[in-house]
Amino acid sequence: MHIYTCVLVCVDASKPLGSVCFAFATCLISFFFLRYQSAFLFRGNIANVPEVGIEAKFLPSCRAGCRTGTRKRDSVWKMPSRKFADGEVVMGRWPGSVLYYEVQVTSYDDVAHLYTVKYKDGTELALKESDIRSQSSFKHRKSQSSSSSPSRRSSSRSRSRSPGRPAKGRRRSASQSREQKDDKKKTIQETSLALPQKLKPDLEIKHVLEQYSLRSRKDEKKKEEIYSEKKTFVAVKPIEKVSTKTKELEFGGRIGTFMLILFLPATVFYLLLTCKQDDPSLLNFPPLPALESLWDGRVFAIFLLWFFLQAAFYFLPVGKVVEGLPLSSGRKLQYRINGFYAFILTAAIIGVLLYFQFELHYLYDHLMQFAVSAAAFSLALSIYLYVRSLKAPEEELAPGGNSGYFIYDFFTGHELNPRIGSFDLKYFCELRPGLIGWVVINLAMLLAEMKIYNLSVPSLSMILVNSFQLLYVVDALWNEEAVLTTMDITHDGFGFMLAFGDLVWVPFVYSLQAFYLVGHPTTITWPVAAGITVLNCIGYYIFRSANSQKNNFRRNPADPKLANLKFIPTATGKGLLVTGWWGFVRHPNYLGDIIMALAWSLPCGFNHILPYFYVIYFICLLVHREARDEHHCKQKYGLAWERYCQRVPYRIFPYIY
């Protein structure tokens, strides 16, 4: 381009000789520009290629280089507000590559000026208008000469002759033969794109993402040597997406979320009041207490002290710092993994308080006031989170909480990862104050039972409930890093749903069995206790091994320990496990969770259904979450998810559901 500018400056086009020189220079430079532009396009690597089964087309180099339009002097070129209509079939460029694919326009964002398009495999992406072309602009590429100068061009050459094919009568060189072999390899690879049915039945294609890389012959030779020595998995760079408005509303939309904001606190208070009655039947509605008895300033101060004590433990410079999964912008947040240390320090403080005769059963006597204090704090926190989210950048908003409706975004969470400096509010509330508080409440119920019934040791039922749930909490804190790959962290925003769930629902509803046993003691035999223990161990084994399998594969798919696992490759570069627990059912961790929930309720006997509220609620929760996962994964993985569902037909319960 510098040479082209010099010619324009030096040649006077107004004179006849200048016109001839100008035309000749223009043709010569255009020829070199088009030739080397084409060579450049086919030399670079192509990343993030979509899944097999989609026919790819290259934009002809002449159109890519010359399609610039005419610009008038002293005027401004105004682009139309929208060029492509909804439902129109166009060609969309895959991000990070020069490949164009047939897509269908589904919607257009007037604010971000982005088109939402859907590929044939079901993948949906947001593309700029410059990355979309009409189908008429694509033509089948015609072969061109491989000559390096016009003087070497053969005038009798056939139009169908490819750049690597020599003219008739010309001897083919060794380098040209190699180029022809490389072209054949590329042709085979492109053909495989249109033939997904010829994939291996067991789908053991760990290098399917590598076969679309167009590299130089030396790089390809080195790669083949590496693969011959050791198989590796190469993750594709995450696709950068821009957060757009939430279109599909969950939880019943605006009306449903408004009702949940009222229904969830009422449910907690109803369960706690019913549990204290002599007849804790669900149909025996408890009398409403006086409003002034529900609030205690001292209780609220203790709750604030508890919350900020756990926040102080969060800042302790102990434990490793890890990175979370990539956000839509490609950025990774850092997290301090020290939840287990916070639990140890909390246990030490509780031990000191008990040593100095602090009455921990105070929690049992004022459990309703603590629940009201936690609910009030979670509501205030939710209001703060929504107000601060109004100033958050678009790319930091939650994909499921950006609907534009106040009630819905307030409930689901408008901002994905709200932080105050390095203090991540959602990550902190997910495990610390509520989960550790659950164990403290259970311990208070155990001590209250011993004091009320003048026992030297707790009942066997209380010991089982405390032991099972303590194991669950310690496991969650020990494997704290695993929470970074959950839907709560990666997809859901931090709003009333998670704030109330973490600070109120978890500690006060999950401890319902222990609270029930204080007022309604249940005696069980040792054989029954042994059977319940075995059931809990089975559930815990399924839960922990399935989660570990998934988390290890997400973190490092090339881990030699996971060499026996098979997976289905997807267009996003991730793999869907089809062996191990994840080849048994689609959500084996949910299955283990439900089995453990049943084991926690069985020590309470069968006199009332109230202790089984947790397992009933948990089944409903996990079935609903599984439906959300299915919808989300189908949009994200497209055709690969359909193949996975065919391979693993059962969702949670094998041969049932």
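Cβ atoms are placed via backbone N, Cα and C, with glycine included.
TrEMBL lists transmembrane segment for one of the ranges 456-476, 498-518, namely 498-518. Mean pLDDT, taken over the domain 'Tudor' (82-140), works out to 80 on the 0 to 100 scale.
For the domain 'Tudor' (82-140), the DSSP counts in helix, strand and coil order read 6 helix, 28 strand, 25 coil. Here the transmembrane segment (293-316) has Cβ contacts under 8 Å with residues 336, 338, 341-342, 345-346, 349, 366, 368-370, 372-374, 376-377, 423, 428, 432-433, 436-437, 503 of the same chain, all six or more residues outside its ends. Sequence-distant contacts of the transmembrane segment (605-624) (same chain, at least 6 residues past either end, Cβ-Cβ under 8 Å): 271, 274-275, 280-282, 461, 509-510, 512-513, 516, 520, 522, 524, 587, 590, 593-594, 597-598, 652, 657.
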